[in-house]
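Q: I grabbed these lines from TrEMBL:
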| type | residues | note |
| --- | --- | --- |
| DOMAIN | 5-156 | domain 'Casparian strip membrane protein' |
| TRANSMEM | 9-27 | transmembrane segment |
| TRANSMEM | 47-69 | transmembrane segment |
| TRANSMEM | 90-116 | transmembrane segment |
| TRANSMEM | 136-169 | transmembrane segment |
Amino acid sequence: MDTWNIEAFLRILSTVLFALTACLVGFDTQTKVLFYTLTNKATFKDLNALYVIVWIDTAVAVYNLLQVLRSYILPGFRKDLKASYRYLRWGIYLLDQGFQAAAYVVFAATMAAVQASTLAVTGEKSFQWMKVCNRYTRFCVQIGGALLCGSIAAILMAITSSISAYALFRHYSPKKFLQLKGK
């Protein structure tokens, strides 16, 4: 399988996982009746880490989608490396470095949400924080599934960035700095 096809497949898969994460977290809500008329509603806005992850995952999913469209709109990407193409490939590589930075941001936001969600599951007696997930079980299970999807998508982003770097640097000589290999 060609590196372009693998890269496109991983980008599409991570886009789907990011969109799924954003939707699962963003639309997750559960209402409990505390007394006969008093209700309490759990949403992603109750935990700042979840609110941040919705926006970050949405932005990265859009970025991934634009990168996939870029690879199919410009058909010259599938040709052999030529002089003008080399500069274009470097530009894409630099954009992918932004992609790699986004992978780190997504991973950090996901881990912050995991940590905050863990406190919701276990509580913290020293701070007098109560367990929340024993009341909002469905909400917590759905958030857990969403965070798992987000973690997998972040790992796929790192793999995609590595493949992109390989696709660029495999055309260069290992012995001479930034010199193209001979045919």
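Note that Cβ sites are derived from N, Cα and C of the backbone, with glycine treated the same way.
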Q: Should anything in the same chain at least six residues away from the transmembrane segment (47-69) have a Cβ under 8 Å from its Cβ atoms, list it; otherwise answer none.
A: 8, 11-12, 14-15, 18-19, 21-22, 25-26, 95-96, 99, 102, 105-106, 109-110, 112-113, 115-117, 120, 143, 147, 150, 153, 157
Q: At a C-beta cut-off of under 8 Å, are there same-chain residues at least 6 beyond the transmembrane segment (136-169) that contact it? List them, or none.
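A: Beyond its ends, the transmembrane segment (136-169) has Cβ neighbours at 3-4, 6-7, 10-11, 13-14, 17-18, 20-21, 24-25, 28-30, 32, 42, 44, 50, 53, 57, 60, 64, 89-90, 92-93, 96-97, 99-100, 102-103, 106-107, 110, 113-114, 117, 120-121.
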Q: In terms of Cβ proximity under 8 Å, which residues at least six beyond the ends of the transmembrane segment (9-27) contact it?
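A: Distant Cβ neighbours of the transmembrane segment (9-27) are 44, 50, 53-54, 57-58, 60-61, 64-65, 67-68, 71, 106, 142-143, 145-147, 149-150, 152-153, 156-157, 159-160, 163.
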